Structures are given as C-alpha cells and as structure tokens.
C-alpha cells in the first residue's frame, strides 16, 4: 500500500454488509442520491455555493434538473467504490477519475469541512435499509467513505491538463 492509501483494512464482514445493502439500494440510486445531497445541504447550506447551477437558482433543490443526475452519479460512485474496496485493497475509482475528482474539488475551493458529508451518507443509507441497519453496517460504510475521501484528498491539487 502506498502512503496515499489508508492503512486500515476493510474486513470481509464489512464488505458483506456493504455489498448486501448496496444490492437493495442500487435500484433506487437516483432518489437516494438526491436525498443524500439534500441532507448535505441541510447540514452545510454553504455547500450549495460550490455548484454554479444551484448558487442563484430560484428552483427548489429537489426540482433542479441538474442536481438529481449529479447526485445519483456521486452516490453510485461512492457505493460502487465501497463494494470494491476489499477485493481491490484500495479505492477503485479509476486513477484518471480520481485525479479529475481531486482537481475539480481543488478548483472549486472544496475544503476539509466540505467532506463532512459522512453523516449525510450514513443517514441516507440508514433510512434506505432500516431493517438491515446496525452499528456494524454503520462502521462498514463509514470506513469505506473515509477511504474514498482520503483517496480524493490525496489528489486535490491543480489539474495538470
């Protein structure tokens, strides 16, 4: 493992919990992605300013035509990354995508506080699969999220393109 990767191990049990819950959530990823982002904006209203199409828009967030597709993409990428974590031993977002994500977050002025979306993700998952939710599942998704954030942060620098 390189120094840019998180040294924590994602266990087989954690993987099973993430895979099982993602299998249930996947079919609703558009709605869940939107819920995730609405929770983020509830927790950190200033995060809306990071999105040019939300900044001065009079359209309610949940009706914004650009937010739902973006939210779904982010939610699916986050969950798919979590599912692959143990098998790959690291975050599996393609390196080019990781570099692009890092550069975009850097360019848009995303700071550490903006990554405090962990709670929003965990709450979204908890509400999506209440019958499966447990402290172990919370820890599994939390660990996967932490590793993805660490990978993105390691690429947060100006784009080389």
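Backbone N, Cα and C atoms are what each Cβ position is placed from, and that goes for glycine too.
Taken straight from Swiss-Prot:
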BINDING   52, 66, 70, 100, 105  heme b binding site
DOMAIN    9-157  domain 'Globin'
MOTIF     42-46  motif 'Homodimerization'
MOTIF     112-123  motif 'Homodimerization'
SITE      138  site 'Homodimerization'
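Recorded features from Swiss-Prot, shown on the structure.
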| residue | record | Cβ within 10 Å |
| --- | --- | --- |
| 52 | heme b binding site | 10 |
| 66 | heme b binding site | 13 |
| 70 | heme b binding site | 16 |
| 138 | site 'Homodimerization' | 15 |
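Shown for the motif 'Homodimerization' (42-46): DSSP residue counts in helix, strand and coil, namely 4 helix, 0 strand, 1 coil. Under DSSP, residue 52 (heme b binding site) is assigned to a helix (H, G or I) in the three-state scheme.
In the predicted model, residues of the motif 'Homodimerization' (42-46) average a pLDDT of 86. Put simply, residue 138 (site 'Homodimerization') is 24 Å from residue 70 (heme b binding site) when counted between their Cα atoms. Spacing of residue 138 (site 'Homodimerization') relative to residue 66 (heme b binding site) is 29 Å (Cα to Cα, whole number).
Residue 70 (heme b binding site) falls within a helix when secondary structure is assigned with DSSP.
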